[in-house]
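Enquirer: Among the features that Swiss-Prot reports, disulfide bond is placed at CYS56-CYS118, CYS83-CYS89, CYS117-CYS126. Residues annotated as domain 'EMI' in Swiss-Prot: 52-128. Per Swiss-Prot, the feature domain 'Collagen-like 1' maps to 199-267. Feature annotation from Swiss-Prot assigns domain 'Collagen-like 2' to 302-355. Marked as region 'Disordered' by Swiss-Prot: 156-362, 390-441.
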Amino acid sequence: MKLALLLPWACCCLCGSALATGFLYPFSAAALQQHGYPEPGAGSPGSGYASRRHWCHHTVTRTVSCQVQNGSETVVQRVYQSCRWPGPCANLVSYRTLIRPTYRVSYRTVTVLEWRCCPGFTGSNCDEECMNCTRLSDMSERLTTLEAKVLLLEAAERPSSPDNDLPAPESTPPTWNEDFLPDAIPLAHPVPRQRRPTGPAGPPGQTGPPGPAGPPGSKGDRGQTGEKGPAGPPGLLGPPGPRGLPGEMGRPGPPGPPGPAGNPGPSPNSPQGALYSLQPPTDKDNGDSRLASAIVDTVLAGVPGPRGPPGPPGPPGPRGPPGPPGTPGSQGLAGERGTVGPSGEPGVKGEEGEKAATAEGEGVQQLREALKILAERVLILEHMIGIHDPLASPEGGSGQDAALRANLKMKRGGAQPDGVLAALLGPDPGQKSVDQASSRK
């Protein structure tokens, strides 16, 4: 605790000793006028010097932003070139590649000097001196002088002691703590009847703790203007402007000089004609590059020229008669198999046939049915393997058409049970008996 109290006191004493050495800071009038300080010539001769001697330069470190080059970028720029001569023409568009630097925002530390109050002074004009060791010692001396005068006044006002040894009448003075303030005089009894003799002055007491922090000072003056930052990168190239109006046509130039005399003409019997020549104008002032045609009546006479180039081909002639038929070509490949047509409507139910003879037993009938089914299966397998030609049309009533239909159904729907296959392929016994009866008739 004592160390914490002594450290601020030691700092204050060091600052006061530095200020008490009488350091003076002479500044130019231009620097003071820049920050709004009064001129040294205004007022009395000593007032100007006293108003600026408490200002000092303080080094302040600031962080400012700046742009730093960070590589480069390639940009393709479109360039429009307008017409360089009057009249209608197309604008020329070209492209060029530009390499320009790129920038990024960076921060740097800048050290600048600012005018502020010197250590130990405050206020708007730095004329208020802070509490320091010098002022504290002056106040201590003044307090010691005042205490000595008070003691002299107390000794002069003290009454003489009585001649006899009788004790003075005692009164009931209020309780007073003499150990806390031994030399203090109570206000209730300013003149006691009997007091102890005044002893010698004691040593000065210890310095008390520092007082509370004072209120914040006034706002400082405005600092100097910062340095001008670097120039920013160039902006993008703007779009080309609109096409200008065509200029006025120039004045016609003066007539050219007469040409040289021509050759003498041929005889009157020679053919006559007109010669057209293109001669550029002699006027170069207006920059007109158009060609002017001049018609000169001249008599042509000379040998016939070379043969001209052949003319363009004529239109195609009429279509000729058809030629004889050619030899028959080779037989083509077999076409793809067509899709299966839709199933036809069921036929009309036939007439009821004669009843079959019941002489045959049931075992023989079942054996026949089994043999028939076996034969049909063999035929189906032959068709699947390709022994029989699938394009050949089977004869009606031979049983091959039924086997072929069963083969197609099996290919589309897969294998079916034997009973279902027998029911789809083979006719019933009644139909068989009807067929036998019709064959007998």
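From the backbone N, Cα and C atoms, a Cβ is placed for every residue, glycine too.
What does the local environment look like for each feature on the list?
Expert: Under the three-state DSSP scheme, CYS56 (disulfide bond) falls in the strand class.
In this view, CYS89 (disulfide bond) is surrounded by 11 other Cβ atoms within 10 Å of its Cβ, with every protein chain counted.
Cβ neighbours within 10 Å of CYS126 (disulfide bond), excluding its own Cβ and spanning all shown chains: 20.
Residue counts for the domain 'Collagen-like 2' (302-355) under DSSP, split into helix (H, G, I), strand (E, B) and coil, are 0 helix, 0 strand, 54 coil.
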Enquirer: Determine, to the nearest whole angstrom, how far the Cα atom of CYS126 (disulfide bond) is from the Cα atom of CYS118 (disulfide bond).
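Expert: CYS118 (disulfide bond) has its Cα 8 Å from the Cα of CYS126 (disulfide bond).
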Enquirer: Measuring Cα to Cα, how many Å separate CYS56 (disulfide bond) from CYS117 (disulfide bond)?
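Expert: So the alpha carbons of CYS56 (disulfide bond) and CYS117 (disulfide bond) sit roughly 6 Å from each other.
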Enquirer: Between CYS89 (disulfide bond) and CYS118 (disulfide bond), find the distance joining the two CA atoms and give it rounded to the nearest Å.
Expert: 78
Enquirer: Under a criterion of Cβ-Cβ distance under 8 Å and sequence separation of at least 6, what residues of the same chain contact CYS117 (disulfide bond)?
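Expert: The answer is HIS54, TRP55, CYS56, GLY123, CYS126.
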Enquirer: If I take the alpha carbons of CYS118 (disulfide bond) and CYS83 (disulfide bond), what is the distance between them in whole Å?
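Expert: Counting only the Cα atoms, the answer is 72 Å.
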Enquirer: Can you tell me the mean pLDDT for the domain 'Collagen-like 2' (302-355)?
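Expert: Mean pLDDT for the domain 'Collagen-like 2' (302-355): 80.
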Enquirer: What is the total of other Cβ atoms whose distance to the Cβ of CYS83 (disulfide bond) is within 10 Å?
Expert: 15
